Amino acid sequence: MVCTRKTKTLVSTCVILSGMTNIICLLYVGWVTNYIASVYVRGQEPAPDKKLEEDKGDTLKIIERLDHLENVIKQHIQEAPAKPEEAEAEPFTDSSLFAHWGQELSPEGRRVALKQFQYYGYNAYLSDRLPLDRPLPDLRPSGCRNLSFPDSLPEVSIVFIFVNEALSVLLRSIHSAMERTPPHLLKEIILVDDNSSNEELKEKLTEYVDKVNSQKPGFIKVVRHSKQEGLIRSRVSGWRAATAPVVALFDAHVEFNVGWAEPVLTRIKENRKRIISPSFDNIKYDNFEIEEYPLAAQGFDWELWCRYLNPPKAWWKLENSTAPIRSPALIGCFIVDRQYFQEIGLLDEGMEVYGGENVELGIRVWQCGGSVEVLPCSRIAHIERAHKPYTEDLTAHVRRNALRVAEVWMDEFKSHVYMAWNIPQEDSGIDIGDITARKALRKQLQCKTFRWYLVSVYPEMRMYSDIIAYGVLQNSLKTDLCLDQGPDTENVPIMYICHGMTPQNVYYTSSQQIHVGILSPTVDDDDNRCLVDVNSRPRLIECSYAKAKRMKLHWQFSQGGPIQNRKSKRCLELQENSDLEFGFQLVLQKCSGQHWSITNVLRSLAS
C-alpha cells in the first residue's frame, strides 16, 4: 500500500554533492508532506472531534515514482572523491531512521538497527522491543462510540499477506486482530507466506501458531507458497483458504483499533455487494508512533497509482463524520463478502507482483453493480515503509498492470493511461498477457461503460480527449536533449538529457496548447502547466490562469516543423549557452528554421 497524503513535484536534475560521492537525482517522486498538520499520538485519551470543514480543493496526492535517472546521465558526471573524514564517518549518520529516534543508542546498537531498517524498510529493532499488545489511541470520530450495531453479524476471516516481514510486526498484527475483534465475529486468521527466506518466519512463527491453535484448534492457518507469486495472487490464495462469510484482506504490518469490525460487517450485511475499506492511520516507520490521518476517499491518477482524495461534496453536506464515504477505488486492504468476491471475479491474477489491482477492483465493482466505501468508524494503523525491500522498482509492474486495466475496463479512455505513461498506443512493446477471460467477465457481468464511471462515480477525474500528440519534444539542433519542466519553483522550461520520465512529458492539444509535466489527475489538483510566451521568454504557467489572463499560450506546431506562438509569431528555439550544463537554453526569437518532433501523434498536427 503506497498511497500518501500529499506530494510535491520535484525536478529532474542530478546534483553531485561537493566533496562526496553521493549523486542526488531529484525526480518526479513523491516527496511527502502532510496534507493536514498531524500530531504524533502518544496518549490513549481520544482527541475531541474537529469540526468538519470541507477541503476547498487540495486533493491528497500519490507518492511513488521509483524511476532511476542515473543511467541516462552518468556520462555527464564523474564521481567525486570522498574526503577522508567522510570516508571514516559512521554509515548510519545520514539515515532517516535516526532523525527522530535512536540518539541514545550505542554505535553498535545503531549499526544493528540500521541493518534491520535497510532490510525491512521500517524500524524492526524498535518493533522487537515493543509489546505485542501495546495500546492504541482511539482515533474514531466521537460519534462512532454512540453507534449501535445488530446482534447478529457475519463472521470474518482475516487474511495477512507477507514476504520477509519482521516477525514482531507480523505477530503484533495478529495479536491486535485477536484482541480488538469480538471473538464471536472472528472465525479465523490466515497467514499467506509468499515464499519468505527469513528463518524467523518458519520455526518461530510455527511455534507461535501451534501455541495459539493448542487453545483454539485450527484458528490460525498458514499458507506457504513454494515460489513468490506477488501480492495480488497471494491475496487470492488467502481468499481461497478462508471459510467465513466475510474476508478481510490486509498487509501484515497493521494494527487494528477498537471497534473496527462491527461497522464493516454491518454495512456488508446490509448489502453484500459493498466492498469496504477502513480508514487508515500511519505507524511511523522510524519510531512506531501513531499519526492520525484525515478522513479520505481513495482514487487514482491516470497512471493508475493510488491516491487519497477529499471525501465527496455529498459527504461534507451530511455534516456527519461517522457516515460512510463513497470511494472511487481501493488502496489495497479491504473487506468483502466471500461469495460476492468470487462472483465479481476476485483479483486479476494475470497482473504481476503489485500495483493496479486495487484500482482495477474498484472500477470493476462500480461498473458491474457494486459499490466501494471507506468507513470513518473503522480505523486501522498501517506502517508506511521508508522503502520497499522486496523489489527495487515497482514501476514496470504497475505500468504493465495499468495497461491491462485500460484495455479491459476503460474503453476510449484507455488512451489516457498510455499518454500518462508516455507509451505509444499502438505497438507499445509491453506484453500485458492474455486478457480474453477478463473481457469475457465484463461481458458476463453486463458492466457499465467507463464513461459512466467517470460521470457517476469519479467526476473529479480530469478528461483529456483534446490531446492530439504526446511524448518527449526534441529539437533538430540537439536531438539528445528534450524539453523539460525544469525546477518546479522557477516555472522556466529547460533542455535536459532525454530520459522520458514525467518532467519531460509534453502534451499538444487541439486548442494548440502545450502542457509540460504531469497530467493533473483531478479538478481539485493544481492545474496543468502550459508553455506561455511571457515578455519574449518561455515560461510554464498554470493553464487556467494563463487562459483567464489571455496570455500567449497557443502554439502552431506540426511534426518536424517549428513551434511558433500564434500571437507573438516568435518561435521556440535553442540557443547555445556555454554557462549551462548541456550547452543550450530555450529562447523565443524570430524563426530561424529549427524543427521540433514529438514522440506520438494521434491526429494530424495541422498548423
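For all residues, glycine too, the Cβ spot is worked out from N, Cα and C.
For the Mn(2+) site that Swiss-Prot gives as D251, H253, the extra residue drawn from H100, H382, H387, H397 is H382.
The transmembrane segment annotation in Swiss-Prot falls on one of the ranges 13-35, 450-472, namely 13-35. Here C368 is paired by Swiss-Prot through a disulfide bond, and of C306, C333, C377, C447 its partner is C447. Candidates considered were C3, C144; the recorded disulfide partner of C377 in Swiss-Prot is C144. Neighbour counts were taken at the CB atom with a 10 A radius for the glycosylation sites N146, N195; the maximum falls on N195.
Taken together, the residues in the domain 'Ricin B-type lectin' (469-599) have a mean pLDDT of 94 on the 0 to 100 scale. C447 (disulfide bond) has D251 as its nearest neighbour among the binding-site residues D194, D251, H253, H382, R385, going by CA to CA distance. Counting other CB atoms no more than 10 Å from each candidate's CB, the disulfide-bonded residues C368, C543 peak at C543. Here the CA atom of D194 (substrate binding site) lies 56 Å from the CA atom of C571 (disulfide bond). Across the range of the domain 'Ricin B-type lectin' (469-599), the DSSP-based residue counts are 9 helix, 62 strand, 60 coil. Helix, strand and coil counts under DSSP for the region 'Catalytic subdomain B' (324-385) come to 17 helix, 19 strand, 26 coil.
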